[in-house]
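What follows is a set of notes on a single structure, which appears directly below.
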2 protein chains.
Amino acid sequence: MSLSYELLGSDGAARRGRITTAHGTIETPAFMPVGTAGTVKAMLPQSVAETGAEIVLGNTFHLMLRPGAERVAALGGLHKFMNWPGPILTDSGGFQVMSLKELRKLDPDGVTFRSPKDGSQHRLTPESSIEIQRLLDADITMSFDECTSWPAEEPEAAFSMRLSMKWAERGRRAFVKRPGYGLFGIVQGSVFPELRAESAKALIDIGFDGYAVGGLAVGEGQELMFGTLDYTVPMLPANRPRYLMGVGRPGDIVGAVKRGIDMFDCVMPTRSGRTAQGFTRRGEINLRNARHRDDPRPIDEHCACPACTHHSRAYLHHLIRADEILGAMLLTWHNLQYYQDVMRGLRGAIESKTLDTWIASFERDQALGDIPPIQ
Amino acid sequence: MSLSYELLGSDGAARRGRITTAHGTIETPAFMPVGTAGTVKAMLPQSVAETGAEIVLGNTFHLMLRPGAERVAALGGLHKFMNWPGPILTDSGGFQVMSLKELRKLDPDGVTFRSPKDGSQHRLTPESSIEIQRLLDADITMSFDECTSWPAEEPEAAFSMRLSMKWAERGRRAFVKRPGYGLFGIVQGSVFPELRAESAKALIDIGFDGYAVGGLAVGEGQELMFGTLDYTVPMLPANRPRYLMGVGRPGDIVGAVKRGIDMFDCVMPTRSGRTAQGFTRRGEINLRNARHRDDPRPIDEHCACPACTHHSRAYLHHLIRADEILGAMLLTWHNLQYYQDVMRGLRGAIESKTLDTWIASFERDQALGDIPPIQ
């Protein structure tokens, strides 16, 4: 038995589900904080769990270079290494390797690249990526693919997608089935409906434990992304989880959930937490802005995170101006809390079949803009 | 009523006491983590309290420049600003201003200096330092003094000390007495017994709520520091707390407690936590060292901090090599926990009048050196 997916309810195309893995369950729709190098940056793992996150993402590319997959395996796997006892999804390394540009060389069999850290040479193939993810002990392993760059002409997107489908098949053969562990395939094809259909069919023929939509959130904009989901998601099997890779802003996630996506990951809440950007019910705010300098109010009086329950905007502003680590810690925590609050809201709305009402309220709040300054 | 000091027990010159302030009590001997700019770096204030710390130190110099004492006061004072409900001691700003060298100009009335942040001009006098500390709402205010530089010839040390004594008297007059709040004088005089005696007498004649020993831990070495304490501490009133400023390594603190000191502050545990240096029962270790790369053991299996209860040396080593914020967070926490464990040990040993035995065991452990690598 690989990992399992249970459909608990739905509202239109949106789904309320539960994924059961070797290291626990994930209520979906779910947002996965990104723990690039074995840490969700600036957060204790216990604090990540406190926000409501049930699964985190680890990066094969970063972990294979440092500390090395064999070392992580010898130390008991990534769960033990980073003290995250819950489920972990690892990406395949493909996305990061492709972004190396002149440091990498693609061939039909895989990718050879130089480490940006020390120049050492490495190679990833469909098989070695799967093996590294096994060494890391990922509950959810991702197929090694070539993430088609944006923008791409149709022939280029087709060539890239077909290479990824060959690699997906090789990865499926290399993947060792274990109870509670699963392998996800990744639909490519850029913004071309025929290519997305061909890719989805190829993956379904191979057979995966879950299906990801890749190659989006790469610069195409929300309208094209939603458009692509509109015709791609219905091609995916209803009895398997669906994962939109690298997405996104809260509004992107809400629109994708409405279109039937179950899982998300994005560096935005954590990265923004280190660059003074806060996500709130009333949109995004920049805590570095002088308007917060004397403001005794929290970011959001309804938020349960430590930044909002214990600290003023003025204090956060001060920490950020003073380059204090605590500023990054508190704002990261707030952003992850907000993302998980959105996911909780979405799950509840699907359960009660009130998703459209919930989304209307979400969009109204977002459009309000930040609370006005105190006069 | 200013703050009060209660002597609960003693063992030789060492004292077990309790300071009661407007924001709570402090069991002594006590170590105060340094919260320079309104944050103990890389720590949530709740986590600082979890280590056992009962009082933190804030820096007048940093806070007056950013965010500004008036701003902190308008936001409810430093306790509320940084969410530290317990006692706070603020230094006078003197030590940092003196270290500005060419950016500052000393006159008999105070010091004029330029901000190293933005070049803006500021001035500190005995009166304005006290006023800033009042705005910050410090439970313990420190006299504004000129910290005598090291090394100093006797005439230079005498001139500097006598200026500080004049300033101490002016500060005492400027200090507004409030229940639970106190003002400490600072004994100067470098390493000259006659000057230390003159300084102690001058301060006692003025009358303070506590007495600090200043001008040590500036490069003179442990032997000269202990020697200076040997003759200086007995000159101080027994019914007032005694504070050794800016000290130190664990061994320095232990030796100073034995000589009758009640309070300490030092950036060492926090700064070291950001530079891979760990303090342990068996001495100092550098987590960046390759010997820790594959070590599944915690820093110290007997330590109750999150770094030791949840993480391996290998993981901490990885975080440090990868410049991850979590590395600084965990190691800072460990170091503060170790410092508080030392203070707890010292308090218990004085209570049971077994301090010499405790110190012998402490020194034996420190001399052992780190646990040997796994073969």
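Heads up, the Cβ atoms here are built off N, Cα and C, so glycines get one too.
Here the structure is a predicted model, which means the values were calculated and not measured.
Averaged over the domain 'tRNA-guanine(15) transglycosylase-like' (B:13-365), the predicted model reaches a pLDDT of 97. The domain 'tRNA-guanine(15) transglycosylase-like' annotation in TrEMBL covers B:13-365.
Other C-beta atoms found within 10 angstroms of the C-beta of B:Ser92 (substrate binding site) number 28, with every protein chain shown included. The substrate binding site feature in TrEMBL is assigned to B:Asp91, B:Ser92, B:Gly93, B:Gly94, B:Phe95, B:Asp145, B:Gln188, B:Gly215.
Sequence annotations record features per position, and here TrEMBL assigns active site, proton acceptor to B:Asp91. Sequence-distant contacts of B:Asp91 (substrate binding site), defined by Cβ-Cβ distance under 8 angstroms and a gap of at least six in the same chain, are B:Leu57, B:Gly58, B:Asn59, B:Thr60, B:Phe61, B:Met142, B:Met245.
TrEMBL lists B:246-252 (among others) with the feature region 'RNA binding'. Same-chain neighbours of the region 'RNA binding' (B:246-252): 95, 216-218, 222, 225, 264-266, 268, 279, 338-339, 342, 362-363, 366, counting only residues six or more beyond its ends whose CB sits under 8 Å from a CB of the stretch.
In the three-state DSSP reading, B:Asp265 (active site, nucleophile) counts as strand. All protein chains shown were included, and the count of other CB atoms within 10 Å of the CB of B:Asp265 (active site, nucleophile) stands at 23. Here TrEMBL flags B:Asp265 as active site, nucleophile.
The region 'RNA binding' feature in TrEMBL is assigned to B:270-274 (among others). Residues 33-34, 40-43, 284, 328, 331-336 of the same chain lie 6 or more positions beyond the ends of the region 'RNA binding' (B:270-274) yet place their CB under 8 Å from a CB of it.
Counting only same-chain residues at least 6 apart in sequence, those with a Cβ under 8 Å from the Cβ of B:Cys308 (Zn(2+) binding site) are B:Pro298, B:Ile299, B:Asp300, B:Glu301, B:His302, B:His334, B:Gln337. As annotated by TrEMBL, Zn(2+) binding site applies to B:Cys303, B:Cys305, B:Cys308, B:His334.
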Give the three-state DSSP assignment (helix, strand or coil) for B:His334 (Zn(2+) binding site).
helix
Please work out which residue of B:Cys303, B:Cys305 has the most C-beta neighbours within 10 angstroms of its C-beta, and give that one of the binding-site residues.
B:Cys305
Where B:Gly93 (substrate binding site) and B:Cys305 (Zn(2+) binding site) are concerned, what is their Cα separation in Å, rounded?
32
Using DSSP, how many residues in the region 'RNA binding' (B:246-252) fall into helix, strand and coil?
3 helix, 0 strand, 4 coil
Take the C-alpha atoms of B:Ser92 (substrate binding site) and B:Asp265 (active site, nucleophile) and report the distance between them in angstrom, rounded.
14
Could you tell me which of these binding-site residues, B:Gly93, B:Gly94, B:Gly215, has the greatest number of Cβ atoms within 10 Å of its own Cβ?
B:Gly215
Write out the long-range same-chain contacts of B:Phe95 (substrate binding site), meaning residues 6 or more apart in sequence whose Cβ is under 8 Å from its Cβ.
B:Phe61, B:Cys147, B:Gly214, B:Met245, B:Gly246
Which of the recorded positions B:Asp265, B:Cys303, B:Cys305 has its Cα nearest to the Cα of B:Gly215 (substrate binding site)?
B:Asp265
